[in-house]
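Taken from Swiss-Prot as is:
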- 92-199: domain 'PET' (DOMAIN)
- 234-297: domain 'LIM zinc-binding 1' (DOMAIN)
- 299-359: domain 'LIM zinc-binding 2' (DOMAIN)
- 362-421: domain 'LIM zinc-binding 3' (DOMAIN)
């Protein structure tokens, strides 16, 4: 398929999750409706991951595409119908007998994801070492956490040009090369193993002064070192604390098998969240989630959340923006050369600010223009003018004067306060 056809096929998937309720805003949101180029809901401005959208198949396709053309093809299966790679997510079902007065019932726990290891006891140990609120038990807070992290850490628009907004053929080509590069140089999946088993598989490299590994002296020294090593504790690469004997650890092949992590410590070095499904990116001796690895390589547009592959983009408020996406967060009007105000780290044009966000003057009860000076005390504001910031009793101007605030009113003296009480 040539680049022009790829560009034509692009779309953000506006039908996915349409009308789904927002788990954060509740009834304040009318239901999920994807903005035409931002990755947020048009109604409540929250991301798709904050809505109750059933995306298991879509997420499995996304991760399947991530593992395509990598050494992790054992974790994917291609559908016969369309040839799209699907993530073979390992689901673990545990059954525990529960004693009752008359008979024994079975309690079933389903984990929506579990480490792909043959030893189920090891997988169960791994799960128990995670914080309870992050264990991906179906229908639980932990399952919702995993779903949210899949969306946050591994955005589809960081690997698939068809999920991006109006890329040029040149940008599509650059993105494909970028994805190919990080798949070959940084992408990895953690291994859950017992440290003692790893020692048997991967011999330690030892520096023995004054002897060669093949000499009897060297062999004796190695045996001493081996015995000594068995007595020592393994330390987590993240927290530096010792691993308990018999507890599973996580290894990352790209980091080298001399490093290991507690299950709860296998986190992104930027956002410090658990690396979802143990999918990591390794760079400069650090673990990253997909999002923050890409952020370390490319600028990301604060408007559409996509990586920027264009040579021309703008920087404002310590953030990067596609030229066409430096827009008002409320009405989407382009802000280049216009007055804007930052509201919760989002740029808003002056008309929208006055209409939707401006504070109201306690004196004249009109919105306060962002360019006009004002006086603020607690949650109350006034125009800093002789017409507005006045004693509520005698109308004396209080600019530069001492005043007594009382429930939105201000007084110049105790006497004036008493007159109004």
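Note that Cβ sites are derived from N, Cα and C of the backbone, with glycine treated the same way.
Model confidence over the domain 'LIM zinc-binding 2' (299-359) stands at 95, taken as the mean pLDDT rounded to a whole number. According to DSSP, the domain 'LIM zinc-binding 1' (234-297) comprises 17 helix, 16 strand, 31 coil. In the domain 'LIM zinc-binding 2' (299-359), helix, strand and coil residues by DSSP number 11 helix, 19 strand, 31 coil. The DSSP breakdown of the domain 'PET' (92-199) into helical (H, G, I), extended (E, B) and coil residues amounts to 53 helix, 23 strand, 32 coil.
DSSP assignment over the domain 'LIM zinc-binding 3' (362-421) gives 7 helix, 17 strand, 36 coil.
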